[in-house]
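Here the structure comes first, spelled out in structure tokens, and everything after it is commentary.
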Amino acid sequence: MAVTLNNGFKMPIVGLGVWRIEDKDMRDLVINAIKIGYRHFDCAADYKNEAEVGEALAEAFRTGLVKREDLFITTKLWNSDHGHVVEACKDSLKKLQLDYLDLYLVHFPVATRHLGVGNTGSALGEDGVLDIDTTISLETTWHAMEDLVSMGLVHSIGISNYDIFLTRDCLAYSKVKPAVNQIETHPYFQRDCLVKFCQKHGICVTAHTPLGGAAANTEWFGSVSCLDDPVFKGLAAKYKRTVAQIVLRWGIQRDTVVIPKSSKPERLEENFQVFDFELTKEDMDLIKSLDKKYRTNQPAKFWGIDLYA
């Protein structure tokens, strides 16, 4: 099942996120995911595992498990490379062992001090606050992203973690419209206004953290996951599904692409088994009532500044 982007390319509606997947687990994860049916993989330079993903993809192509054109591969430009977009994209392509990307995203709407292409640290100033580069505008970054399309290095370009204001600006100054805005959205952080704004203007919304971060964000940020909500446990029992499957199905039915992350084989399979049932309108409305405007991904912990404030 796929959505058609504003440039005609198709993007599978369920993908696998590889954030915080350990290097030693990557090969088996990617190979197993492809065997289960995953055709969409969401990567990023900042995840520091593109090379491991690339090794697994190369094996999958070499053994005939899947063809390159059957996969949709996303990766992202890191904050410190906004002034070096082409070089950063080529570095990711080299690590992923690919000739082109299906989608390349601006990971965050902020340029920071350059540390060398491929070095995805977050430089802090003497005050312990993220060293933001005020000489590079998001418009400049976007026009460099557009060059990647004309160069044939990427099929589609998009944005990530952009709010309504920044998305509107990107639409205004872009020659190549963003195909995707990847944002945190889940039942506790539904962001209906942003989702509907993007969809109204032909931008596909991809939900990162579609399960509310679960154990990973609890460990890093101390956040609470919607997976423990008794309403979802009740719905899981009603539909004879896991809580995660209910949450992912909700994301799909609001026309967002979902990219859950898991390194456990049984969860990997469960997260993909979301196409053979449908939530009723009443249950969709029930889930809508659970919104807490609760962000679970909090990079301010590492950056010394809350960019969402």
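A Cβ is built for glycine as well, from the same backbone N, Cα and C atoms used for every other residue.
Here the structure is a predicted model, which means the values were calculated and not measured.
Feature list (source: TrEMBL):
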{"type": "DOMAIN", "residues": "16-291", "note": "domain 'NADP-dependent oxidoreductase'"}
{"type": "ACT_SITE", "residues": "Tyr47", "note": "active site, proton donor"}
{"type": "SITE", "residues": "Lys76", "note": "site 'Lowers pKa of active site Tyr'"}
{"type": "BINDING", "residues": "His107", "note": "substrate binding site"}
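Spacing of Lys76 (site 'Lowers pKa of active site Tyr') relative to the residue listed as 'active site, proton donor' is 9 Å (Cα to Cα, whole number).
The two recorded residues, the residue listed as 'active site, proton donor' and His107 (substrate binding site), have Cα atoms 11 Å apart. With every protein chain in view, the residue among the recorded positions Lys76, His107 whose Cβ has the most Cβ partners within 10 Å turns out to be Lys76.
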